[in-house]
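Here's what TrEMBL has on this protein:
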{"type": "TRANSMEM", "residues": "30-47", "note": "transmembrane segment"}
{"type": "TRANSMEM", "residues": "79-97", "note": "transmembrane segment"}
{"type": "DOMAIN", "residues": "108-134", "note": "domain 'DUF7575'"}
Amino acid sequence: MTWLRALLAAGLSVIMPGAGHVLVRDWLRAALFAGLFLSASALFLPIEQLAAAGPITSVDEITAYADVMSEETDSMTQFLLSFIALFAAIDATFRALGYPPSGADTTDGPTCPECGKEIDEDLAFCHWCTTRLESEASDEEPAHS
């Protein structure tokens, strides 16, 4: 399931940078990548020519937009937008897979063996991933002599 989630996060980030981070529930990075992509698009894409092409009402008009985009944008702009989308996709993929483990270096208490996040010692399960935790007392068998 983790691989499927990572692939879906990558695919969403290629379509719209930041959307894959929403799937992973990393809200700050989602806002960062979406804002970066939208601001770069507003600065570098030919907005006037795209607005002159009119609204998209059929599939054939998408090709008109694609023609305007390919003719009116230089290769540096295309590279910049592609780089942002690719970087967002790679970052969303690694975040969905759990690399780097979030908070693993800063936790002082016990961590969950399944997800690696800090757990509450009073609970018998991880409140992040709901994995049942075996207590140390139940691991030790009482000695019968």
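Note: Cβ is positioned from N, Cα and C throughout, glycine not excepted.
Unlike curated entries, TrEMBL annotations are predicted automatically.
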Worksheet item: Using DSSP, how many residues in the domain 'DUF7575' (108-134) fall into helix, strand and coil?
Response: 0 helix, 4 strand, 23 coil
Discussion item. At a C-beta cut-off of under 8 Å, are there same-chain residues at least 6 beyond the transmembrane segment (79-97) that contact it? List them, or none.
Written reply: 2-3, 5-14, 17-18, 20-21, 23-24, 26, 29, 33, 36-37, 40-41, 44-45
